[in-house]
Amino acid sequence: MTSWLRTHGSVRLCLLLCCAVVSVCAEAPGAGYSVCWAPGITSCKECLRRGPQCAWCFKEDGLWPGVRCDLRGNLLRGGCGPEFMEQSEVKVEVNATVSSTQVSPRDISITLRPGSEASFIVAVKQLDRYPVDLYYLVDVSASMQENLDYLKTVGVALSLRMTQHSSDLWLGFGSFVDKPVSPYINVHPSKINNPCSDYEIRCRPAHGFHHVLSMTGNMSEFTRVIKRQRISGNMDTPEGGLDAMLQAAVCQKAVGWRPEAKRLLLLMTDQPSHLALDSRLAGIVVPHDGRCHLENNVYTGSTRMDHPSVGQLSDKLLENQIYSIFAVEKQQYQWYEELVRLLPGSYLGKLGLFQASNLIELVVDAYKRLLSEVAVSVSVEDKAVSRYWVSVSPLCPNGSTAKDQSCTGVQPDQTVYFNITIGLRSCPDDGEDEDIRVMVLPVGYNESTVVRIHSKCRCSCGPTMRCHDDSQSPCTGTQDGTNQGQRPDHRLLNNSNRDSNWKCRADGSDVDCSGRGECDCGRCMCEQSRLGTVYGKYCERDDFSCPYDEGLLCGGRGVCVSSECLCDDGWTGDSCSCPVSEATCQSANGLLCSGRGRCVCGKCVCDDLHYSGDFCERCPACQSTCQSYGNCVGCRASHGLAQKEAGQCNITCAPLVGYMDDVSDCTSSSRLMGTFLSVCALTVLCGLVLVAMSRLLLQRKGWSPGGTAEDGVYHCTGKDLSYIPTTNEKTVTYRRDHPHDHPVEMHIQVPKMPLNDPWQY
């Protein structure tokens, strides 16, 4: 620690000492009753959780647990010496043996108690000249043909320009289009190998990512590779840029990123990019795993995994110390402007045309801009992120300005200091000590600071390991028969541990804690799982490995034990979805499934396939009851049968039919049929009577349509004679074909038929 402080001078020494020592609240007399003391605090662990200023007295003097927790000063005044106090320990130790040129220190160890915090300083120095690795990741869809041609002259010109800012420039190249599946590409056989076949142009097949050229300082080789590139094609507008960026970032060996170089990833495209969940259109639902999947320099996971999320891409760029530069046309500037805000260490350039000179200026400006901004990212392990909090305050050098957690306008050879504070909110759920790592990553730098944090959640209570609280354990020496105030024999404790292991095994099991935890002094400490919670006396229960019903584990009617549901009373089945009671299968007649089926999982399963319904009560293809047992009713209703015939009826029908009275049931159907036929006959008869009466009335009035019909002859009545003319005169006019001829009119008289002559029809 001293050597590291000497390197940075006296001012930094004072700053580090002020930040590394955690201030403890002033202890006013009597303040303990409002801060630490409480009647419910009866254990050392609970006491120290009250705050870093609290202490626990484990001196054996007859004190009851409720008064052992107080401020350190109050306990001292009460006669409890420092050697009998368990209190919060906050330590900050800097490992100065790890050398560094840009980021220091490289390794820090911290011990924290719940409620405590510790601060330390991380220094980031900007060097004058760095080696630079620049990887061109280019969209080779058909619309990028002209822009791809401009790259052919970029290599040598950019190398000459970057000599002013870099000690050594290497270039690499990769291409992308989109996922080679429908609906992103045309999957017709003629289009797969040549998407441009309609235009009589030979194109390369669509691909998610193709790594073409690893990092090289040979600019002629870079130019030669660019000249060999051909365009491709796809169907939709967005491209697979983020998918390709993640592969270029994580496939370090294939790409050839140098550990000592500043890493720049330049994305060139004229369209937006697909985001996570877009691949569901193609039936791809597996999330991206964030790993490298290159075989023969081709991305093989494109058709199996979804596009990465923006957060996932951001983590991988930080983890691999990569700056990202986006060269996009102005039509897409707004879309990528929103994206850049979510990617630390990224730069957005707007170009009207991807000309060689514009690209060179874009790379140089982005490089200078990115290096002039110094920022850090602090990441806590996922399992503990909710239990810690982090604060970052930059101390910027002269001429630069602070912006959030960074400094902008930093010049070469200047150093930025970051005051970082880490606090522990709480211990793990099991209350045990925990070791985690926190990474302090300066954005774009290949060096980082590792912070190792030990959260002290248990109480050791001195050499006797006796806290004199309510949390007694068979392994702490309180029940091993040792004399008070005497150090316990560790051999006895080890034997006790071995002898108590049987308490961690369920009946019939030869594995401690069901294989999902560790046995500690006869108690199972269940392991933590990302899938859910493992719990139970023998770690035999969890909340994730059993069948679900209606969205609930074990249907909410049981507990999950060893991947099987133990159902509550009244329920059964793999997912506890079946009621044990058969009440839901009782039909209206009181029979189970109407006597025609079995009750399975609370529902009727009919034995006879002819029957259906909730209670097997319906049978569309079956005969009616009277049809089925008509013969039996006939036997019952018949009299005067011979003795032999009557005996046969009784034998055949007795098991089938229960008789109520004389054919009262089955004859009801016959009565219904008779009633129906009678109604029909009466209706027809009434109709005939109405027709006859109508004809009779018409004849009496002396009028009928067309006369009265008798034997097929119609006659007119005398009353109509005065209204019927005797002749019918017609006038016919004839005209000749020539217009000067006068028309000739002819009058024709046609006598009418005598009234008394019959009209035959």
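Placement of Cβ uses the backbone N, Cα and C atoms for every residue, glycine included.
No curator has checked TrEMBL annotations; they are predicted automatically.
Annotation source TrEMBL lists disulfide bond at Cys36-Cys459 (among others).
Taken from TrEMBL, the feature disulfide bond covers Cys196-Cys203 (among others). The number of other Cβ atoms within 10 Å of the Cβ belonging to Cys196 (disulfide bond), over all protein chains shown, comes to 16.
Residues within less than 8 Å, Cβ to Cβ, of Cys292 (disulfide bond) and separated from it by at least 6 positions along the same chain comprise Gln247, Val250, Cys251, Gln252, Ala254. For Cys251-Cys292 (among others), the entry in TrEMBL reads disulfide bond.
For Cys396-Cys407 (among others), the entry in TrEMBL reads disulfide bond. If you draw a 10 Å sphere around the CB of Cys396 (disulfide bond), it holds 20 other CB atoms from the protein chains shown.
Per TrEMBL, the feature disulfide bond maps to Cys457-Cys461 (among others).
Residues or ranges marked as disulfide bond in TrEMBL: Cys475-Cys513 (among others). A simple way to gauge crowding: the CB of Cys513 (disulfide bond) has 25 other CB atoms within 10 angstroms, across all the protein chains here.
Per TrEMBL, disulfide bond is recorded for Cys521-Cys554 (among others).
Among the features that TrEMBL reports, disulfide bond is placed at Cys526-Cys539 (among others). The Cβ neighbour count for Cys526 (disulfide bond), using a 10 Å radius over every protein chain in view, is 22.
Annotation comment: TrEMBL describes Cys560-Cys565 (among others) as disulfide bond.
Around Cys578 (disulfide bond), the same-chain residues at least 6 positions away in sequence with a Cβ under 8 Å from its Cβ are Trp571, Thr572, Val600, Cys601, Gly602. Annotation source TrEMBL lists disulfide bond at Cys578-Cys585 (among others).
Listed in sequence order, the residues of the same chain lying 6 or more apart from Cys606 (disulfide bond) and placing their CB within less than 8 Å of its CB are Cys593, Arg596, Gly597, Ser612, Cys616. Taken from TrEMBL, the feature disulfide bond applies to Cys606-Cys616 (among others).
Positions annotated as disulfide bond by TrEMBL: Cys619-Cys622 (among others). Around Cys619 (disulfide bond), the same-chain residues at least 6 positions away in sequence with a Cβ under 8 Å from its Cβ are Asp608, His610, Tyr611, Ser612.
The domain 'Integrin beta subunit VWA' annotation in TrEMBL covers 43-459.
For 1-26, the entry in TrEMBL reads signal peptide.
Look at TrEMBL and you will find 672-693 tagged as transmembrane segment.
With respect to their backbone Cα atoms, Cys526 (disulfide bond) and Cys554 (disulfide bond) stand 21 Å from each other. When the neighbouring Cβ atoms lying within 10 Å are counted for each of the disulfide-bonded residues (Cys521, Cys560), the highest count belongs to Cys560. There are 24 other Cβ atoms within 10 Å of the Cβ belonging to Cys616 (disulfide bond). Here the Cα atom of Cys461 (disulfide bond) is found 78 Å from that of Cys196 (disulfide bond). Within the model, the domain 'Integrin beta subunit VWA' (43-459) carries an average pLDDT of 87.
Cα to Cα, Cys554 (disulfide bond) and Cys407 (disulfide bond) are separated by 54 Å. The number of other CB atoms found within 10 A of the CB of Cys622 (disulfide bond), across every protein chain shown, is 12.
The separation of Cys521 (disulfide bond) from Cys459 (disulfide bond), Cα to Cα, is 16 Å.
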